Amino acid sequence: MGPTLRRLLPDLWAVLLAVLLLGPALGAGYLLTYDMVWVPDLAVRGDFLGLGPALPRAVPSDLVVALADEVVPGMLLQKAVLLGCLAAGGLGAARLAGPGLVARSVAVSVAVWSPFVVERLWIGHWPVLLCWAALPWLVLAGARFRDESRVGAALPLLLLVGSLSANAGVMSAAVLLAVAATRRRRPLATLLVLVGAANAPWVVAGLLHASGATSDSTGSVFALNGDGLPAPLAALTLGGIWNAQVVPGSRDVLALGIVATGLLAAAAAYGLRPAWRRLGARTCGALAGLWVAGYLLAVLTWLAPDAIGWLAAHVPGGGLLRDGARWLALCVPLVVVLVAAGCERLVRRLRIPGLRPVVAIGAVLAPLALLPGAAWGLLGTMAPADYPDDYAAARAALSERPDGDLLVLPFSGFRAPAWNHGRTVLDPLPRYLQPDYVVNDELAVDSLVLAGEDPRTPQVYAALALPTEVARSAALTRLGIAMVAREHGVPALPTQDAPLAGVVLHDGPDVEVVRLAGSVDVREPSAGWVAAVTVAWSAYAGLLVAAGWNTFRLRRSGIRSSARGR
Amino acid sequence: MQAFLITCVSLLVGGGLAGATIVGVVNNQTAAPSQSPGDSTNPSLVYGQTE
């Protein structure tokens, strides 16, 4: 095998695995699953900046998508993000695993074909997946920064990509600081500025909502789950999401889980020495610290779910801790490095040369064989969907709209429409339309209903419970709601779908849009909030400018040095 | 002797991979439906189930 092919093979493997994992999701249409909602053209709106009354959970991801889909259509953007993220995560794992062909290929398989990726993909946590993809690259960039004290072009971009949600931002920051932090003041200050800028939008928006930044105490339902194994063992294999609905059935086979845990642990233990020698004590120590932090945070939600629920209910921001398996992303870099090194060492030690390709191929394919339910978009589950034409008509009807927010009825957060193959998804209609919106953010898990964080949710319920259409509409306009989009054919209680008084702007087969009767108390964010959010987003944009400037500078110096060479 | 050993190991590795894949796929296809049945008293969709 030629050196070029040896170099390219793991990269091609990463792309192939990404395609194999997404399968039908790459076809025409939108992949809409649980929290993953992409629309043709997400409109920029004030709430995406973090100025809405509800705790901003999708800052900065929503605004970044809303701006990006001005350049690339939403459907293509979603494919690019998902495929690019999975492939980039594999490529990063390969780079982190060192130069050996076996190590790099195994690293790709272990990183990409992991329960963590499959479960987060199914539940639609794409910002977490982007963070997962950025982490190996952040380790490499962080180690380079530690040695050279130069920011370069990649580091700011990686931080931006890896910090599109609160959890993701914390994990990206933790990885960078653990690997790159030094005692020298200036590089340390540079790192802190970079991390602060990348996380500024959600941190500032969160602080502005600090009084409501607590969650339902029954949030313990989000604790680490075992996927058929005892939860701490499942966490060792990078799996254990709380929601059993998004776990491939093959994870329930106890024997497969035990084999996967045993193989992973044995390979990791065998790879400890070569990995330590290659990466050095400083980087390996950082990766080990991150693994311990990620594993403990995950297992803690299983060991002490009520304590985590209490934290989420009483400490602003404590809710970040409750989805324990999310923190397993911190374990990925060390697992990848150790398992890859262990397999490479095993193959090299085989005395019979003919056995080496057999064992190497077995090691590369083992993660796929142990999680076959993930193949081809979870065996065809992740088929894309097309929005009903009526959604576009409803959007057009709102092109000239009154000031005020949009309420979506029936007043429930999730849908499973037939056009989305009956798959559960966060209602996509409010994102499809243009105005700021009010949705029910309560979560039904098992037989529990967890209270939402938007203070208007109980107020809307109270308004909808009033006896007459006129009274209901008037109460809603006092909450700043000017329009209502009512979806037809959605199962709902009468209190979630009460009739209202107003002017019908659009009445189609899927959606009716009504302008409410009465004068609207349009909500305006305070000047202080606007100023704080502006500063935060300026810092975030500054990071993008810094990445662009550094790219330009590096290119210019490269052109100059090559001209001098001639 | 070496050729015999290589054949045995190949069969073992290939058989193990194939066996695991078949067991996983069969279990995946025969598992109980992940969606909960409808609830007439509260038709709102559940976001997830822990069991």
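Cβ atoms are placed via backbone N, Cα and C, with glycine included.
Noted in TrEMBL for the protein shown:
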- A:76-94: transmembrane segment (TRANSMEM)
- A:124-145: transmembrane segment (TRANSMEM)
- A:157-182: transmembrane segment (TRANSMEM)
- A:188-210: transmembrane segment (TRANSMEM)
- A:254-272: transmembrane segment (TRANSMEM)
- A:284-304: transmembrane segment (TRANSMEM)
- A:324-343: transmembrane segment (TRANSMEM)
- A:355-379: transmembrane segment (TRANSMEM)
- A:529-552: transmembrane segment (TRANSMEM)
### Summary
Maximum Cβ pairs under 8 Å to the transmembrane segment (A:254-272) among A:76-94, A:188-210, A:324-343, A:529-552 is reached by A:324-343
### Query
What stretch in A:76-94, A:124-145, A:188-210, A:324-343, A:529-552 has the biggest tally of Cβ pairs under 8 Å against the transmembrane segment (A:157-182)?
A:124-145
### Message
Give the nonlocal contacts of the transmembrane segment (A:124-145) in its own chain as ranges (CB under 8 Å, at least six residues past its ends).
### Response
32-37, 61, 81-82, 85-86, 88-89, 92-93, 95-96, 111, 116-117, 151-152, 154-155, 158-159, 161-165, 167-169, 171-172, 175-176, 178-180, 187, 191, 279, 283, 286-287, 326, 329-330, 332-333, 336, 425-426
#### Entry: Residues of the parent chain within Cβ reach of the transmembrane segment (A:529-552), under 8 Å, 6 or more residues beyond its termini
49-51, 60, 63, 151-157, 159-160, 194, 196-198, 200-201, 203-205, 207-208
